[in-house]
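To keep things clear, I will list the structure first and then write my remarks on it.
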């Protein structure tokens with residue numbers, strides 16, 4: 001049996017300014033996004049993306065993550081609490097972010113970015129999908145440090161007691177999610193995106209991969225208390241929100257392989273691909289790739 005180390009959530013205290021581990025984990029995730037993105041761009045200098053565009057992606061993405069993630073947490077999990085404590089809506093540094101809300105926020109943000117640069121939306125989402133999982137994993141480490149989102153009671157040897165909760169051994173579900181949504185998911189997306197595939201396939205695989213990993217991890221995670229934490233049929237809110245992702249991912253993969261031209265890992269279509277994409281490119285302008 002293990003005991004949670006009860007790490008101080010404040011990493012650095014500079015007078016009245018407190019830098020929390022949770023915020024540092026988000027910064028680590030954004031740093032991984034930039035480093036991996038730069039690596040992919042340098043490997044494909046003739047591709048659709050540049051370093052300056054990557055900086056814009058990060059800016060748009062951060063806004064999408066923070067706004068969407070916070071609103072998702074409020075409406076999906078703790079609506080009643082924030083209705084009674086509206087000022088705490090803005091205390092994002094204390095934790096309380098929803099992946100599914102952040103995902104919707106990023107989707108909207110990338111649509112705006114694609115429009116700005118005259119790119120196909122799926123080309124943008126295919127590019128960023130492999131850059132995201134390590135950030136998700138970093139966020140789960142932040143959850144573990146904060147001693148939040150703990151697991152369900154268990155009798156496994158590695159069960160962990162969270163003193164802030166009770167004295168019952170529980171699954172360290174934050175670490176499970178770090179391994180699944182962070183490391184395993186990153187490996188899957190990085191390898192898959194490096195192979196020839198049609199436009200939209202990487203985005204579809206992202207939806208399926210995250211949905212499956214998250215749904216599996218939810219069996220070990222204590223359902224969130226409050227508004228819509230546990231839904232019908234014994235399925236948690238996280239699982240209900242992941243099911244549409246999996247379905248949409250399957251549909252997107254089938255659509256991509258049936259209608260889109262094969263594209264190499266460097267973003268170059270073959271002869272058949274160029275012909276198949278000519279109509280799409282003509283509709284969106286000569287700059288769209």
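Cβ atoms here come from the backbone N, Cα and C positions, even for glycine.
Outside the transmembrane segment (17-37) by six or more residues, the chain places 7, 9-11, 49, 54-55, 57-58, 61-62, 65, 93-95, 127-128, 130-132, 134-139, 141-143, 145-146 with a CB less than 8 A from a CB of the stretch. Swiss-Prot lists 17-37 (among others) with the feature transmembrane segment.
Packing against the transmembrane segment (57-77) from elsewhere in the chain are residues 26, 30, 33-34, 37, 89, 92, 96-110, 112-113, 124, 128, 224, 226-229, 237, 241: each is 6 or more residues past its ends and has a CB under 8 Å from a CB in it. Summarising the annotation, Swiss-Prot assigns transmembrane segment to 57-77 (among others) and lists sequence analysis as the type of evidence.
Residues or ranges marked as transmembrane segment in Swiss-Prot: 89-109 (among others).
Tertiary proximity for the transmembrane segment (121-141) is limited to same-chain residues at least six positions away from its ends with a CB under 8 Å from its CB atoms, namely 25-26, 28-30, 32-33, 36-37, 40, 48-49, 57, 61, 97, 99, 106-107, 110-111, 113-114, 174-175, 177-179, 181-183, 185-186, 189-190, 192-193, 199-203, 205-206, 210, 267, 289. Here Swiss-Prot flags 121-141 (among others) as transmembrane segment.
Annotation source Swiss-Prot lists transmembrane segment at 174-194 (among others), citing sequence analysis.
Among residues of the same chain six or more beyond the transmembrane segment (200-220), those with a C-beta under 8 A of the stretch's C-beta atoms are 99, 122, 125-126, 129-130, 132, 136, 151-152, 154, 171, 173, 176-177, 180-181, 184-185, 188-189, 192-193, 236, 238-239, 242-243, 245-246, 248-253, 255-257, 260. According to Swiss-Prot, the feature transmembrane segment maps to 200-220 (among others).
Marked as transmembrane segment by Swiss-Prot on the basis of sequence analysis: 235-255 (among others).
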